[in-house]
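What follows is a short report on a single structure.
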Amino acid sequence: MKFPKRYAIVLLTFMCTNVCYIERVGFSIAYTVAADAVGTNQANKGVILSMFYYGYVLSQIPGGWAAQRLGGRLVLLLSFVLWSLICAVVPLDPNRVVLLVLSRLLVGVAQGLIFPSIHTVLAQWVPPQERSRSVSLTTSGMYLGAACGMLLLPSLVKNMGPQSVFSVEAMLGVAWLLIWFKFASDPPRTDLPKVASKDKIKVQTSGIVAPRTVKIPWARILFSLPIWAIVVNNFTFHYALYVLMNWLPTYFKLGLQLSLQDMGSSKMLPYLNMFLFSNIGGVLADHLITRKISSVTKTRKLLNTVGFVVSAIALMALPLFRTPSGAIFCSSVSLGFLALGRAGFAVNHMDVAPKFAGIVMGISNTAGTLAGIVGVGLTGRILEAAKASNMDLTSSESWRTVFFVPGYLCIFSSFIFLIFSTGEKIFE
């Protein structure tokens, strides 16, 4: 039997997010080592680490618009060409601040095109009854990429230097874009994928993705409470994720006096847990919906609420554990249940607005990117303020605010989604 094209597309988008997060984690690891070697303070490190998100936020909505007009396949190709080229040619020198700022801004702009394009592609190819697990598998590539980065890249930095990470990331980017160029394609704009008895795609006359000339209902989208429920939860998800992704290496080093190289494979467990729970959430959601055990609305609310509330508890417990195993356990539970929550808010774009999934994802991910700008930069300032107050960064008190802020946000956002979200289509 011929391998269905939509499965190949989902697999390729999974590989795409995997490579992107290897790049993101790789930069935080390599830059942290390079910056510490020249004595860069925590506030300045936070500025450089957050520059990516300033670029990222600029291209979210334009990325959704471009994917709608040009097709997600082409926009993804252009994105990978740009950020891979930057990784290949820019030196990782903490003293060349302007160059680093500009390069991270441009990498952010390039990668900001990716998720709106992916959601446009998946909305074209994936039928409704497969959306939860398809989106969950695609996004779980982020976490597997982060896990691989945490496992392999510290040793690469130790043995070959921080710059070697950039070279590896550039090669991975080029490899993926060549595979995508060869095997991916845009379906006809009027295709509506529907699973047939022989697992093939049939074509119906009503399109799942709006034609490229359709008028986008911007006002209705921007004033829709279910859309805002998605936006708020995307902000919180990425606030917690980006703070942990960018500052866990520093927490292990300063808070627990432990280097990443000495932690072995345990340092990848939080992201591996995200990979597992993301796919569990997707399969569970599709099972509840297709077996008619629960409605789409109730399923989204259930998984989102459980994921965010449990994650909040683990986040606030994290600074109380003063052993490596305790910190790994709490961060693994927190990130794992955050990923489970993605089966709620992160798939909801395609429930409420399947024809404008890329646009809604662009708006939602803009909020998520702002969370990166706020969270990563604010964390650096929190730690510098703790030092200015003569607090020791090895103490739990100096890190409590860092983890309590995303914990409280998770609880607040879960209530917003519980009250205002829906699984029904509200944009035709």
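Along the chain as shown, residues are numbered 1 onward.
Backbone N, Cα and C define each Cβ position, glycine as well.
Whatever TrEMBL says is automated annotation, not expert-curated.
What TrEMBL records for 1-425 is domain 'Major facilitator superfamily (MFS) profile'.
Residues or ranges marked as transmembrane segment by TrEMBL: 7-27 (among others).
Long-range Cβ contacts of the transmembrane segment (47-67) within its own chain (Cβ-Cβ under 8 Å, at least 6 residues beyond either end) map to 24, 27-28, 31, 35, 40, 75, 94, 97, 100-101, 104-117, 119-121, 216, 242, 246, 358-363, 365-366, 369-370, 372-373, 376-377, 380. As annotated by TrEMBL, transmembrane segment applies to 47-67 (among others).
Sequence annotations record features per position, and here TrEMBL assigns transmembrane segment to 74-92 (among others).
Here TrEMBL flags 98-122 (among others) as transmembrane segment. For the transmembrane segment (98-122), the residues of the chain that approach it from at least six positions outside its boundaries are 9-10, 13, 16-17, 20, 23-24, 27, 31, 48, 51-64, 66-68, 71-73, 75-76, 78-80, 82-83, 86-87, 90-92, 131, 134-135, 138, 184, 186, 209, 349-350, 357-362, 365, 369, judged by C-beta separation under 8 angstroms.
Sequence-remote contacts of a segment are chain residues at least 6 beyond its ends whose Cβ falls under 8 Å from one of its Cβ atoms, and for the transmembrane segment (134-153) they are 6, 10, 13-22, 24-26, 29-30, 118-119, 122, 126, 165, 168, 245, 260, 265, 267-275, 278-279, 281-283, 285, 335, 339, 342-343, 346-347, 350. As annotated by TrEMBL, transmembrane segment applies to 134-153 (among others).
The transmembrane segment annotation in TrEMBL covers 165-184 (among others). Cβ atoms under 8 Å from those of the transmembrane segment (165-184) belong to residues 8-9, 12, 15-16, 19, 22-23, 26-27, 29-30, 73, 76-77, 80-81, 83-85, 87-88, 90, 92, 121, 153, 156-157 of the same chain, restricted to positions at least 6 beyond its ends.
Packing against the transmembrane segment (221-248) from elsewhere in the chain are residues 24-25, 28, 49, 53, 146, 270, 304, 308, 311, 315, 331, 334-335, 338, 341-342, 344-346, 348-349, 352-353, 356, 359-360, 363-365, 367-372, 374-376, 379, 402-403, 405-406, 409-410, 412-414, 416-417, 419-422, 426-427: each is 6 or more residues past its ends and has a CB under 8 Å from a CB in it. Summarising the annotation, TrEMBL assigns transmembrane segment to 221-248 (among others).
Long-range contacts of the transmembrane segment (268-290) within the same chain: residues 25, 129-137, 139-140, 142-151, 244, 248, 296, 299-300, 302-303, 307, 328, 331-344, 347, each at least 6 residues beyond the stretch ends and with a Cβ under 8 Å from a Cβ of the stretch. What TrEMBL records for 268-290 (among others) is transmembrane segment.
The transmembrane segment annotation in TrEMBL covers 302-320 (among others).
The transmembrane segment annotation in TrEMBL covers 326-345 (among others). Listed by sequence, the residues of this chain that lie at least six past the ends of the transmembrane segment (326-345) yet keep a Cβ under 8 A from its Cβ atoms are 132, 135-136, 139-140, 143, 229-230, 233-234, 237, 240-241, 244, 248, 251-252, 255-256, 266-267, 269-271, 273-278, 280-282, 284-285, 299-308, 310-311, 314-315, 317-318, 320, 410, 414, 417, 421.
According to TrEMBL, the transmembrane segment annotation covers 357-378 (among others).
As annotated by TrEMBL, transmembrane segment applies to 398-420 (among others).
Stretch with the most C-beta contacts under 8 angstroms to the transmembrane segment (302-320), considering only 7-27, 74-92, 357-378, 398-420: 398-420. Cβ atoms under 8 Å from those of the transmembrane segment (398-420) belong to residues 225-226, 228-230, 232-233, 235-237, 239-240, 243, 247, 251, 255, 300-301, 304-305, 308-309, 311-313, 315-316, 318-319, 338, 341, 344-345, 375, 378-379, 382-383, 386-387, 391-392 of the same chain, restricted to positions at least 6 beyond its ends. For the domain 'Major facilitator superfamily (MFS) profile' (1-425), the model's pLDDT averages out at 85. Cβ atoms under 8 Å from those of the transmembrane segment (7-27) belong to residues 49, 52, 76, 80, 83, 87, 104, 107, 111, 114, 118, 121-122, 125-126, 134, 137-146, 148-150, 153, 165-166, 168-169, 172-173, 176, 179-180, 183-184, 245, 271 of the same chain, restricted to positions at least 6 beyond its ends.
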